[in-house]
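The structure appears right after this line, and notes come after that.
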């Protein structure tokens, strides 16, 4: 479609304006070819006739509002200067957005205000994003450069240019900060910090205040940031260009010298600067020329502290810093040296000033030499050398030249030191260069510096044009679009005018060779040689200037000072004075040769050289050096991939967000932005993908076209119908290319179609409403008419007969109707009763049937529950009997061992007593002989006493009686003691009898239990093969049990015999008592009685303690015979009986011991066999489980009964292992354990429980070394597993769960009261007894936190790429398109070719599926529900933060429809939480800011009430975020309106009092603090079995 056809009614155009450059107007009448004027109406309502002389004179069309505010200027349908200017104004003033793309250029408008868009969170948001995915930003350009360097292995450059005060230095600083953040080095040298620290130093010595900028860079800087193969920063290097040395000695009004001078003067009173003898800045000539020496809002003293801090950070020594400050102070003092005129051609140094002495003292030069050669010059002639005095003007020039050279050299020295500090060992793999260079400059008076600056910008513009042209060609070739030559401005003629042979620089260098050369002579040569050039002009009103037509504008240069600045002379005499200096810095400089640069050894040389040698032929000019350095820079840029940043200064007053269209358009013309627009407009500037075109313009398609099939073919068909001229568009492989204006035409068609549809809808709605109103009115009129006509008819026909007839008719009707109604009622009543009867019968039968079923179910439940209870009781009874059996067997073993020991002692004592018995017999015989002797002696004594009776005194008889009475008392006492011992023996016999009975009962119970146990065992297995085998074993064991019972009966009989013997013992004791009583009365022979009584007592005590019952009885009889004095034969007979009884006792004891030994052996054998059978039962149990799948139907109930009933023995919940198997244990349970095993999944925390059971055994053994070694092996192995599987979600989930279970086990069984509250009695018994593992608990807790964070990182890395496509880009609400096609043209190599296809786009369903996978995996591995909630909460926070950050950084997402999509997706997430039961974990709270942002996009934003509601509802959004969303709100259609700036200001005013963070972005890296709740386990460790699939046969259950 021709462009003229678009000048129709309602369209808008731009017309020139003196104040606003361009202003908008609306067309009131369609334009037709041949019209002389265009009828327009301005925005203020003024109507005018815009003259049109021809078709080419039509004013430029204005883009539709839907395209205004685009991120990329080249996406505009109409590409021209007013469109670019207006788009920038809308973004900068209305939306407060300072960055805009223009093709490959990033246009940055200086806001003159600190904005919260440079935080670390913003850097992380742009990191890894493709250029164009987010809003334009300096970080996006930096990320694009970094990504292309890593992807294409090609060096990159970022070229930052602009006027002074446009923000070039800040932009370059942010770019380097971005590289330092995203490519942090792993070393401890912190190279990235040093790279950033170099900025304050270079700004202090290279920046100054100008009339346009308070911190203007007065030199060009190219910083190469070096990267290694891992693309981490390893160093940096700086090159400098064209330092403005003249500023050292001269500043214009309202300007300042370099910052470093004022910083030093502000710190003059500090001790470190006392020796420099500094004054205030207004007392030095070099710092007070511009007037005001201070900058508002700048603290020079604080800046000096920052400068010194960065000096130290870069590793520059204190000595070097002191030398730098000395040199700077010397320059200040040199400027105060007063040179007075002596006549007209001589000069001298004033003797009143002390500044020259301070200068010489600081730099170590002789004052007299300095004073002389400042005012004189040595001229070498052919035959002599003449010293010629200099006039005052030349002396001052020499002084200033020395100051400029000193500062330039110092500047190079500092840069050289910085480069040395930034250079680290390691090979550079690639680099990114950041060029911070001056933009095009034009002032009222332009000199040599402006000429060089504009020359450099011409070279950069040429390189830029070629690069843009190359990218356009690559884009066309990639899309298979036929390439046509584009006509664009080529500034090669201007460059040739400057640098070609006999060009401006060549003629300038030639004139500098002549000693008497002047600026006017050089200017005349320019007129003569270049006057015919079309780009060179001679000004009409000046004869000391020339004009060059640059690409940006015409610039008039004043020739005064060109030669002097180009020569940059320094007298040789002053060089010699400096060479003799004792100052090390100066000595090193002036002793170097010309060919050696100051930065010798640095990879890339600086653009500046040192001081020229005296030989004029070898001397190079400033212009020649600048041209050489510029060539080197262009070679570097051509060898890299360039990225462009153009900084714009919006106003001269430095007011925040004020837009001066005149100043902006000047800079746009100068920086190449409009040239990019021109190149784009010459071809196909608007480029949309087929999907975007189909989504946007499907409204223009017919139903037949929509059913055509493939979307790509549909787009072709529709475009061929809508735009017949095929030259206005081209079809590429993935995009459609439109010429300028065609998208606007399509938008017009779309708007017309929508307007037509709206009108049609309005027409039908209004018609329907009118019809409804008409029909209601017509119906009301008809009803009124009916009533009126009825009344009239009644009045006409109303008579008496008619009334009677009417009344009769009414009566008849009443009765008739009553009869009919009653009849119908009766019929309905009968039917209802019938239905109710059948229904009630059916319900009763149904209720009865249900009651019968419930009764039967209750009976079944009763028997089933009884059976279950009986089975549970039998199981518990068998368990109790087993426990009792084990305990009693152990007690029997102990008693049998004690009885054996006692028997062995008795045998030994019996042997000793037998020997004692033999000795007693001998003694008895001896006593018998003595007794016979005593009898004879007694008879003799009696005879003698009879004879002596008469002679015996009565007194002696009384004494003897007393003695006998005493002996009788002793015997009575002994008798009493014997009775007491008798009582003790009786009690002991009773106790022995009781013990024997208990042994018999235990033995009988053991026998019965063995029978019952095995009978129960054999009836638990139903398998026929096993039943036969077990039946045979049962018969064998029953026979053995019967044998044992027989033996037990035999032992019982023997015990009865022993009890009879005990009874005999009691009878003997009673006879002993009688005999003792009788012996007490025997006192015939006192001496013999005493002897035998002593013997009797000894033998009696021995027998009572050691001998058995028969021995004791025999000895008693023997003693009785002795004491009674019976015959020897009776004594011998008794002795023979005693020996026989002794033999019988020995045989009985031997038989008893044999029986006990056999009983003990049988008991141990039965116990061992019982344990063997239990192990066999375990093996059979495992066999039955393995065969479960094969015999399910037959064996299912058997397995249930077996598993429920057979608990062969009690376990202690411990696993025993050998020390040598420790590595095998941790390897099997940790390092080689797979989380997808069946056994592992069935029992969550199985590995943790098994490991803890091993820990318990080590604690049970009180083996500290073993326990410590095991815990160390467990922790080390878990760390190794999570290190080896850092990206394995399943493995980390599994070990997070097991580590948590192990930590809980260590707490639950630690023995601490706070962890034992919920334990069972059995669990409390299983607590650790010997060691405190609190330190290991802390280590495990730290390890669990580490696993959790690693686990979260994996989930976030998997989820992160899905968030923005699913939450923001996918259309979850079908039929509501919330995306506006932007037509943004991304760079050809900014995206990977293997991107996701359309079918692989993520949706909210993809996110929910992934969340389901995460949740199911955690649940399967037994992760604690609270831990699951914390993990899901962290993921939801990531979703909210990432989505909200994307909204804040993407203007195209801020729309009402997008808010609807977001709220729909949030509802899906909330529904998922309710489904998983996680709504109580504070998860939805993390989505609060996102929900409020979605609400903010949907709510009305016009009135004061709306502002108050926003202030009240959006309490979780910061004021910065609310304002950003309001400013970024973008309508999708023309029917929506943008948010008015006045409304935004109202909201800002309401939010001023709110306290909170001023951060724009949410911190997506934030982590909630994880807590591991203590949840006691109900798992009984003693019931836990080791699965055979784990191959842990070396473990033994205790």
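Yeah, the Cβs are placed from backbone N, Cα and C, and that goes for glycine too.
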Among 584-606, 607-629, 630-652, where does TrEMBL put the label region 'Actin-binding'?
630-652
Counting across all protein chains shown, how many other Cβ atoms sit within 10 Å of the Cβ of residue 162 (ATP binding site)?
27
Additional residues around ATP, ordered along the sequence, whose Cβ is within 8 Å of the centroid of 162, 163, 164, 165, 166, 167, 168, 169:
110, 213, 216, 217, 439, 647, 649
Specify the count of other C-beta atoms within 10 Å of the C-beta of residue 165 (ATP binding site).
20
Hey, of the binding-site residues listed (164, 169), which one tops the CB count within 10 A?
169
Note the mean pLDDT of the domain 'Myosin motor' (68-751), expressed as a whole number.
83
Note down the number of other Cβ atoms within 10 Å of the Cβ of residue 166 (ATP binding site), including every protein chain shown.
25
Tally of DSSP helical, extended and coil residues in the region 'Actin-binding' (630-652):
9 helix, 8 strand, 6 coil
